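Peer 1: Here you go, one structure.
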Ligand SMILES: Cc1cc2nc3c(=O)[nH]c(=O)nc-3n(C[C@H](O)[C@H](O)[C@H](O)COP(=O)(O)O)c2cc1C
């Protein structure tokens, strides 16, 4: 059967735990995954996890980073501009950029395709496939807001890394999983990463407080 992966791009914003959680969610759901990690993201990975990802040993490095079997993952070097995802004829279900930098947002909005990750995002947009951008930066300057507007007008889903607290998270992993779960929701990927809001929970709490 035709392989149709989700493409995951990791850029050099703070938030590599979000990327790991999304990757775990996709793998656990049995999805095929194509992975591109920008040069800057290698630095944030080292900074935030103490781990590097080496192109030659990516299976070992990514496997231990996400604590999963990565046999359904295909890794592409960010410098490999001739890689599969650089072409619209390479089929994917869409692309998730997690975390996304303001620099990548600018590059994708301008269409400059400075590396495979940005080219793949460009392709995702031109092929009218789903593009989820999990931006991590605050505050935002006007040019970033303009770039996000441009991307939203082109159909990208802008999803700031902004976990909510209503799901009852009691530790950081649960906040991270909440974000990852919301990303997977946008991709129609089944998961059990957070407790969904049902409405009744909030009403019951209000009643309890009113009494
Ligand atoms: C430790 C560290 C954390 C960073 N965090 C962010 C961030 O949260 N958001 C952001 O937009 N850029 C952040 N940057 C800056 C980007 O890494 C930088 O702009 C880089 O050129 C982005 O390249 P890329 O988009 O190709 O990954 C960070 C850099 C470092 C070293």
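Think of each number as a place in line: the chain as shown, counted from 1.
For all residues, glycine too, the Cβ spot is worked out from N, Cα and C.
Predicted automatically and left uncurated, TrEMBL annotations should be read as such.
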Peer 1: 12, 13, 14, 101, 102, 103, 104, 136 bind FMN in TrEMBL, but which of 38, 77, 87 does that record place at the same site?
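Peer 2: Record check against TrEMBL: FMN site with 12, 13, 14, 101, 102, 103, 104, 136, extra candidate from 38, 77, 87 is 38.
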Peer 1: Among 14, 103, 166, 182, which binding-site residues lie by ligand 1, judged by Cβ under 6 Å to any atom?
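Peer 2: By the Cβ criterion, which requires under 6 Å to ligand 1, the hits are 14, 103.
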Peer 1: If the FMN site is taken as the center of the Cβ atoms of 12, 13, 14, 38, 101, 102, 103, 104, 136, which further residues of that chain fall within 8 Å of it by their Cβ?
Peer 2: 11, 40, 41, 44, 99, 100, 105, 137
Peer 1: Do you know the mean pLDDT across the domain 'Flavoprotein' (5-185)?
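Peer 2: Here the predicted model's pLDDT, averaged over the domain 'Flavoprotein' (5-185), is 97.
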Peer 1: Rounding to the nearest whole angstrom, report the longest C-alpha distance spanning 12, 13, 14, 38, 101, 102, 103, 104, 136, listed for FMN.
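Peer 2: Result: 15 Å between the two most distant Cα atoms.
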Peer 1: Near residue 136 (FMN binding site), which residues of its own chain have a C-beta under 8 A away, given they sit six or more steps off in sequence?
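Peer 2: Counting only residues 6 or more apart in sequence, the Cβ neighbours of residue 136 (FMN binding site) under 8 Å are 13, 14, 15, 18, 99, 100, 101, 160, 161.
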